Protein chains: 2
Amino acid sequence: MSVTAAKGFTAAGIAAGIKDSGGADLALVVNNGPRHAAAGVFTSNRVKAAPVLWSEQVLKGGQVSAVVLNSGGANACTGAPGFQDTHATAEKVAEALGHSAGEVAVASTGLIGTRLPMDKLLPGVDKAVAALSAHGGEKAAIAIKTTDTVHKTAVAEGAGWTVGGMAKGAGMLAPGLATMLVVLTTDAELDQPELDRALRAATRTTFDRIDSDGCMSTNDTVLLLSSGASGVTPGYDEFAEAVRTVCDDLGQQLIRDAEGASKDIRVEVVGAASEEDAVEAGRSIARNNLLKCALHGEDPNWGRVLSAIGTTSAAFEPDKLNVAINGVWVCKDGSVGEDRELVDMRFREVRITADLAAGSESAVIWTNDLTADYVHENSAYSS
Amino acid sequence: MSVTAAKGFTAAGIAAGIKDSGGADLALVVNNGPRHAAAGVFTSNRVKAAPVLWSEQVLKGGQVSAVVLNSGGANACTGAPGFQDTHATAEKVAEALGHSAGEVAVASTGLIGTRLPMDKLLPGVDKAVAALSAHGGEKAAIAIKTTDTVHKTAVAEGAGWTVGGMAKGAGMLAPGLATMLVVLTTDAELDQPELDRALRAATRTTFDRIDSDGCMSTNDTVLLLSSGASGVTPGYDEFAEAVRTVCDDLGQQLIRDAEGASKDIRVEVVGAASEEDAVEAGRSIARNNLLKCALHGEDPNWGRVLSAIGTTSAAFEPDKLNVAINGVWVCKDGSVGEDRELVDMRFREVRITADLAAGSESAVIWTNDLTADYVHENSAYSS
């Protein structure tokens, strides 16, 4: 289903020869209208890849008629020649489709610091255009995989309208692990400001709160394209909830496919004085390497949770903190609570609840454990 | 040599039975005067262990006549009973030595969240007092080891005076990895404000800039005790440099003994607009798990250096950044520089130079690589 679940979209995924493996590496998503309103959010890393710089400009116009995505190279830290490569890619897509290059978004993922093989990529665009299909969403999702073990798609249905999407990566927007690329499509009729508002609201509590390894990519891109082909204009709240549902679904798929991970860890901070405090404390817990190792070893080491909270500026008193791991309150009032032997750690999902006892706000951050496989995969990646 | 290299100090290290292994686990350092001026710096974690809360109070008085240190338990997150244990330990030392408990500092290291076995610790104090010796520095250094593979000591000599020290851990003050405990002693005659100034100046550019795994301990403690037994008052600058030399030496020993590490990584940020910018960028590079994995795999992955710099608020332009790894400028002007194949990664020490091209300030941060051994050691630690 993927990006072609909504009416008005065609897509393709083909092998252009960018990847040495010969696998699929070029995806194209085309919005056939009648409308072309679009919204996008991008990495907050100040070192941005050429396609991010390009697509940010495209999205300022509020109209996107096609998105071209490649795996096999991030086109980041490639200077002015790299930006020219992105520009040439957009021009090539525009020419092949009879659109304007100013409405063609570009996204790339792969190694930083190497130029894309344009002699393969540009002919690949022709091949992708020839393969465009109203059933091409699945192939497009496959073509953007890098270290992903599975391709990721999701769909939410409204009354006569649909939101669909695809994602690659095992990361997030800000921060971001491996690059996350996401394209969402809808046939609902909405104005650009509503699309933008719905997308930002959805990413703020989904992709922005998955923090697999605390590293932020140069290439993260999430786009939402509307064709209006259903002729239906849903209420904003209903539409926003559908977008959030698809983002949440894709985000969970990213966490479950994180490089080398053996645990999916849900960190919920409750009792916070503000949502910002809850997010800050949750992120600090989610990024603590010592805790991530302990959870890998199925050790409910709550001391490392307190130690992580202690590095934040969130409102709390150390002797009021409570921590539950998989439902057992192993830390009460900043000290030893229920017997840690009661914590069952056998399953892939681990639930940590940290109660700051300072208010009524909360937030959920998802992360993964730190494993020898993560080290192996990321030490061998570019060699 | 260690803490008994300076005149006026005795020390001991004995097995009190706190560690299940039966190894040495209790150290005592006594300042026999004639002076007892002291300074201390402690973890900036807001969740502080009981001995840190106690010793901060002691140091406010500016006088320390003895330090008692234990491995085998951190006495952190142990509530009011844990604080009473620390208090009782100080009282016991004071009673045995005929001092005031208000001049006895306490430091602990080991697992968070478990009470100390006071029935073993208190008799151990008598045993340690009986073992005090002007040659006991080495044994004291051995008794504070936890996961340390070697004990750490250092000495700097002035004209007629000495600064000596011992350390345990593989971490730092703020942030801190495994707990770092450091006791420095000197027989130089200095007033407390000068001791304090010299210690803070030294730790700011040594222990505070080793960042093995970005995690901050609840127990980090660095103390400087002066006996004045040499009768010599050195110039402040000369003394401060000796303290810095000993701190730097011990800090390097901590990095070289970091848990599971196979590389010692020197991150130097140059061309920064301010020292704060240099430290922020250096710490961001030093904490990037993806880079730390790449360096473990001997992969000079400069894209991950740029990606880490991009997450900071330091002054820089992305297309002006330069990065050298082991002397090879693999990134120039934010893009591909010299051939990465020229980088020789075979040795334990890795040198990264990041040039922000925004000023003339610089800073050095030390870190380690991320390895499967680190994961193993920290996932199996408490079980």
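Quick reminder: no glycine exception, Cβ is built from N, Cα and C everywhere.
What TrEMBL annotates here:
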- A:Thr179: active site, nucleophile (ACT_SITE)
- A:Thr146, A:Lys168, A:Thr179, A:Glu259, A:Asn378, A:Ser383: substrate binding site (BINDING)
Reduced to three states, what secondary structure does DSSP give A:Lys168 (substrate binding site)?
strand
Counting across all protein chains present, how many other Cβ atoms fall within 10 Å of the Cβ of A:Glu259 (substrate binding site)?
26
Quick check on the binding-site residues A:Thr146, A:Lys168: which one has the highest count of other Cβ atoms within 10 Å of its Cβ?
A:Lys168
Check A:Asn378 (substrate binding site) against DSSP and tell me helix, strand or coil, would you?
helix
Would you kindly determine which binding-site residues in the set A:Thr146, A:Lys168, A:Glu259, A:Asn378 have their Cβ under 8 angstroms from any Cβ of chain B, listing them in sequence order or replying 'none'?
A:Asn378
